[in-house]
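The structure appears right after this line, and notes come after that.
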Amino acid sequence: MSISSLPVATLGTPRIGPRRELKLALESFWSGKSSERALRETAVGLRAANWARQKSLGVSVIPSNDFSFYDQVLDTSVMVGAIPEVYGWKGGDVSLATYFAMARGAQGSEHDESCGHAHHAHGSSHGVPAQEMTKWFDTNYHYMVPEFSAGQIFKLSSSKAVDEYREAKALGYKTRPVLLGPVTFLRLGKSKDAALNPLSLLPVLLPVYVKVLQQLVAEGCEWVQIDEPCLVLDADRETQGALQMTYALLAEMVPGLKIMLASYFGSLGDNADTALSLPVAGLHIDLVRAPEQLDKIVSAAPKGMTLSLGAIDGRNIWRSNLSALLKRLEPAVAKLGLDRVQIAPSCSLLHVPIDLEQETSLDPDVKSWLAFSVQKIAELATLGTALAGGRDKVADALAASDAAARSRETSPKIHNADVAKRMMAIDDAMRRRQNVFTKRSGLQRARFGLPAFPTTTIGSFPQTTEVRNARAAHGKGAMSDAQYEQFLKEETARAVRWQEEIGLDVLVHGEFERNDMVQYFGEQLSGFTFTKHGWVQSYGSRYVRPPILFGDVSRPKPMTVEWWRYAQSLTQKPMKAMLTGPVTILNWSFVRDDIPRSEACRQIALAIRDEVTDLEKAGAKMIQIDEAALREGLPLRKSEWKTYLDWAVESFRICSTGVTDETQIHTHMCYSEFNDIIDAIGAMDADVISIETSRSKMELLDAFKTYKYPNEIGPGVYDIHSPRVPEVSEMAELLSLARKRLTDSQLWINPDCGLKTRKWEEVRPALVNMVAAAREMRHAS
Ligand code: GLN
Ligand code: ZN
């Protein structure tokens, strides 16, 4: 048999539009400036353009229903009618108003993003709350958590999948619709009733899926893609049983339909046998995260099963080394036969920016090493042709790929001998403080003479419209460097004065000069670059442009010292210096794939260590190193946690231990699940850690209590995700709960996180109350 290319699939593409068209349309609709019809027209245009782009680039297995106004998990909740009562849905097709109420809350108050990154579920302060939101596996994409309750029924409530299939068909595309699989959908959901196990709802859920699939078949659909990324999580019998039940039923009820069952974000591992035993026509495997599974799956796949080889990285922005890939894939294709293989990215291209060609100011070498979704699709097409025996037809593309790979391997822009030398020189002394905490704490107490229950904040103060406008004006050149600096100094001075006035014990400068806690550092470190249009969806209409870590990291010059020095010059009280930690910088960036992540992290740690040392030299006595993203970097499989935590902790220690015992190292983590990482937190050995606790009634401190955590802790007493100003008594109550779990001498008093998303009108009374609560405690004890 001779064909010109293997089938090429994308599994899904970014829906936001090359110029963020979807965001603009959504926000205009939400603010009442444009109609539902206009929004829908924009969506139709984006889908048509997406299909056309894929077709012209050589994709033969074009997806539909990968579009979403907000989130594909929310789309699934709506499809099956899992609409909590509060949204007042009366049955029938779910309206756009209900859909957006679930996404954003009914009075339109947006999800809060206090940390610049949305790891917090948050509803509107009045009206109907939004659904909870959380991270999609180990990506920085956030989905709306499905919610189930006792007596849950499901009912087909949206025709989106069928509509989009038809829409594509009318344009001449025969698509493979994408659905989130029922088992993963249930596993991602939460039940309001503790007694209800979401997976137990499977028998009542499946008839809805059957209906959707039958409707698709009636429209002429031959293949669907059903995503079950739960296949890469640690296996459990219940999930495996649920998968068996699901796919047996679908095979029986929709016999004419071919299912491409998609696993991604890791290895099938102990789920491989289950996946291979399911009665599906095809199985997609991730060969980027888990290249080692190729041989096993190829040998074990039943004769009738098509394999979709996820060969190109859907999670990162690097150009592939196509020759190397061909070498690995050719034997597999030979073994399976051309008619049993499809070629695909490791996962949907949702997680990468759209088109590299929009970047006109990147360094040309760096640019030549990158591939965004459009370039990745072209790579897939090249692979598809080469693997079908057409290497000569794509000789130019292969040669270009080889050249880029060679240049990346040797470029002095990436490889820095000094960094390599420093990496070699990391020794045990660089991984620990001079003395243990008990020794240090005595010295620090004597040095600072702080009152009991010292008060402080997490770092940032409100990023007001004026601050944002000034930054934008400066960026555009409308404000000179000197004017901008003067503006920032005034903001900082005002914030410092005010903190003194209200009687906080340890002050911060306010972070007015920072655009983002990662970008600010990335922009000053060698080895990072930034895009102009490299947006990826974080959630809903919120997109981020992650920094690109392409080379060895070093710090050409101090990054924060001058701002710290200025702020400290305004006060006698301790001014806490403020840095972002290496693990967080790493986890919120696109990271180079030519060295292990652990190594890239250590390089960043060395650069931050330099900054810490310089801050100390300049006179800083307290230095906070935020590790907001440490926990979210946990691998999907538990067996890999220890390795990750080991190097994450090591990196923190490298960056934080180059100081004397008297210098107090703070860290901050804004989340509230510590059980899994309490050992790691202990090993980080920061003198003081501030954490998020206000919404959990201090219960999470139990983890610290059980661990007998010896160092100091500031459990957040002020929920900064809400505009509400907490009363003195509420904060005092939280503190007394904290005192049940920790000793008084360990406790600090602070908000949950930085205050940059809040308004001054909210922050002022809240912090005044917080200081009052601290004073009350001091008097009472
Ligand atoms: N210092 C940062 C701030 O206050 C910390 C933010 C975070 O933890 N995400 O904004
Ligand atoms: Zn935080």
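A Cβ is built for glycine as well, from the same backbone N, Cα and C atoms used for every other residue.
Straight from TrEMBL, the features:
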{"type": "DOMAIN", "residues": "10-333", "note": "domain 'Cobalamin-independent methionine synthase MetE N-terminal'"}
{"type": "BINDING", "residues": "R20, E21, L22, K23, K135, W588, E632", "note": "5-methyltetrahydropteroyltri-L-glutamate binding site"}
{"type": "DOMAIN", "residues": "453-775", "note": "domain 'Cobalamin-independent methionine synthase MetE C-terminal/archaeal'"}
{"type": "BINDING", "residues": "I458, G459, S460, E511, D626", "note": "L-homocysteine binding site"}
{"type": "BINDING", "residues": "I458, G459, S460, E511, D626", "note": "L-methionine binding site"}
{"type": "BINDING", "residues": "H668, C670, E692, C753", "note": "Zn(2+) binding site"}
{"type": "ACT_SITE", "residues": "H721", "note": "active site, proton donor"}
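Location within the structure of each feature annotated in TrEMBL.
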residue: R20; record: 5-methyltetrahydropteroyltri-L-glutamate binding site; CB count, 10 Å: 17
residue: E21; record: 5-methyltetrahydropteroyltri-L-glutamate binding site; CB count, 10 Å: 16
residue: K23; record: 5-methyltetrahydropteroyltri-L-glutamate binding site; CB count, 10 Å: 17
residue: G459; record: L-homocysteine binding site; CB count, 10 Å: 25
residue: E511; record: L-homocysteine binding site; CB count, 10 Å: 24
residue: W588; record: 5-methyltetrahydropteroyltri-L-glutamate binding site; CB count, 10 Å: 25
residue: D626; record: L-homocysteine binding site; CB count, 10 Å: 26
residue: E632; record: 5-methyltetrahydropteroyltri-L-glutamate binding site; CB count, 10 Å: 17
residue: H668; record: Zn(2+) binding site; CB count, 10 Å: 28
residue: H721; record: active site, proton donor; CB count, 10 Å: 22
Please report the Cα separation of E21 (5-methyltetrahydropteroyltri-L-glutamate binding site) and S460 (L-homocysteine binding site) in Å, rounded to an integer.
31
For the domain 'Cobalamin-independent methionine synthase MetE N-terminal' (10-333), the mean pLDDT of the predicted model:
94
Return the member of L22, K135, E632, H668, H721 nearest to G459 (L-homocysteine binding site) in space, with distance defined Cα to Cα and candidates limited to these recorded positions.
H668
What does DSSP call D626 (L-homocysteine binding site) in the simple three-state scheme?
strand
Filter the candidate list I458, S460, D626, H668, C670, E692 of binding-site residues, keeping only entries whose CB is under 6 Å from an atom of ligand 1.
I458, S460, D626, H668, C670
Hey, what's the Cβ neighbour count for L22 (5-methyltetrahydropteroyltri-L-glutamate binding site) at 10 Å?
24
H668 (Zn(2+) binding site): nearby binding-site residues from L22, K23, I458, D626, E632, Cα cut-off 10 Å:
I458, D626
Should I458 (L-homocysteine binding site) be counted as helix, strand, or coil on the basis of DSSP?
coil
Cβ neighbours of K135 (5-methyltetrahydropteroyltri-L-glutamate binding site) where a neighbour is any other Cβ within 10 Å:
16
Listed recorded positions K135, S460, W588, D626, H721, filtered to Cα within 10 Å of C670 (Zn(2+) binding site):
D626
For W588 (5-methyltetrahydropteroyltri-L-glutamate binding site) and S460 (L-homocysteine binding site), what Cα-Cα distance in Å is obtained after rounding to a whole number?
19
List those of the recorded positions L22, K23, C670, H721, C753 whose Cβ lies under 6 Å from any atom of ligand 2, in sequence order, or write none if there are none.
C670, C753
May I have the list of same-chain residues other than I458, G459, S460, E511, D626 whose Cβ is within 8 Å of the Cβ centroid of the recorded L-methionine site, in sequence order?
T457, V508, M517, M578, Q624, H668, C753, G754, K756
Taking the Cβ of E692 (Zn(2+) binding site) as the reference point, list residues of the same chain whose Cβ is under 8 angstroms away and which are at least six residues distant in sequence.
M669, C670, Y671, S672, G716, D752, C753
Of the recorded positions I458, E511, D626, H721, which sits closest to K135 (5-methyltetrahydropteroyltri-L-glutamate binding site) by Cα distance?
H721
When you measure from the Cβ of S460 (L-homocysteine binding site), which residues in the chain that are at least 6 apart have a Cβ under 8 Å away?
V508, G510, E511, R514, G754, L755, K756
Give the sequence-ordered list of residues that share a chain with I458 (L-homocysteine binding site), lie 6 or more positions from it, and have CB atoms under 8 Å from its CB.
V508, Q624, D626, H668, C670, S690, N750, P751, D752, C753, G754, L755
